[in-house]
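The next block holds one structure in the form of structure tokens; read it before the comments.
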Amino acid sequence: MADPLQHKGAAKTSRIPIKIVPQERQRLPPWIRAKAPSLPNVGRLKGILREAKLHTVCEEASCPNLGECFGHGTATFMILGDLCTRRCPFCDVGHGTPLPPDADEPRHLAETIALMALKYVVITSVDRDDLRDGGAGHFAECIAAVREKSPATRIEILTPDFRGRLDKALAALDRAPPDVMNHNLETVPRLYKAARPGADYAHSLKLLQDFRTRHPDIPTKSGLMLGLGETDDEILEVMRDLRAHGVDMLTLGQYLQPSRHHLAVLRFVTPERFAQFEQEALAMGFRHAACGPMVRSSYHADQQAAAAAAG
């Protein structure tokens, strides 16, 4: 079957409700520095992933930490293809009509994780609004396959919102729940129309709360990117909403514009302010908070989960 058409950059954002005025990316402040890739390890890991026909969000979303994570032989695996059914203008993953789920992907994923001897993995996906359960059943199949091959490996999932199919999705995840459930709110509710067309703030909170109700012993986690025009008070209000919905773990990081056709960065939050947010999060009762310019939801996820469990 031929590869489907992938829209990125201007082709992706041209049909969303707001108009993106192309802007050159701002000069980065001195505190934002990604580590240069360790080329032998990066090439080796990419080779393993391509041979297994797997994708990583590290590559598809142009994550600034790719060099560091690949250099350590770790990655966040992206299942269900590399085409998203939505057009979020902050994200660098391509938009298009995806292929049906690959029935061999759970096996390929499990074999690759076993080959790499990973102790902690993050599994994420694009939005799959074309599937009746939003892809949750495929998540469960992947979790079960990994556990069969690597029973000691801990598994975190970073899910889409399963909007319009939440009950089906949660029922599917009941078959093979993860060790950590992560779903990112991404930004404050005032900015949802601009940053997350097709998503709903209250629905995302409900997903996290409903999963927690069904699996009270499994930690829940969420994250936001800062720099899209939100205020500090709005961030604190979202943090309070997350705690009110039983979320245990928090990540806050700096939004970086993938290209001139994506949403512009409106401010760079200082490391000192991130440190204050982290202290405020812990005071609210989060079991763990990772807040910093280069923090991403799956960055050092194993360390976050271990710290939360110890706390």
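Just so it is clear, glycine is given a Cβ too, placed from its N, Cα and C backbone atoms.
A coil conformation is recorded for S298 ([4Fe-4S] cluster 1 binding site) in the three-state DSSP classification, outside any helix or strand. Feature annotation from Swiss-Prot assigns [4Fe-4S] cluster 1 binding site to C58, C63, C69, S298; the stated evidence is sequence analysis.
Across the residues of the domain 'Radical SAM core' (70-287), the predicted structure has a mean pLDDT of 91. Residues or ranges marked as domain 'Radical SAM core' by Swiss-Prot on the basis of sequence analysis: 70-287.
If you draw a 10 Å sphere around the CB of C84 ([4Fe-4S] cluster 2 binding site), it holds 24 other CB atoms from the protein chains shown. DSSP gives C84 ([4Fe-4S] cluster 2 binding site) a strand state. Under the heading [4Fe-4S] cluster 2 binding site, Swiss-Prot lists C84, C88, C91.
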Worksheet item: Including all protein chains displayed, how many Cβ atoms other than that of C91 ([4Fe-4S] cluster 2 binding site) lie within 10 Å of its Cβ?
Response: 26
Worksheet item: What is the separation, in Å, between the Cα atoms of C84 ([4Fe-4S] cluster 2 binding site) and S298 ([4Fe-4S] cluster 1 binding site)?
Response: 19
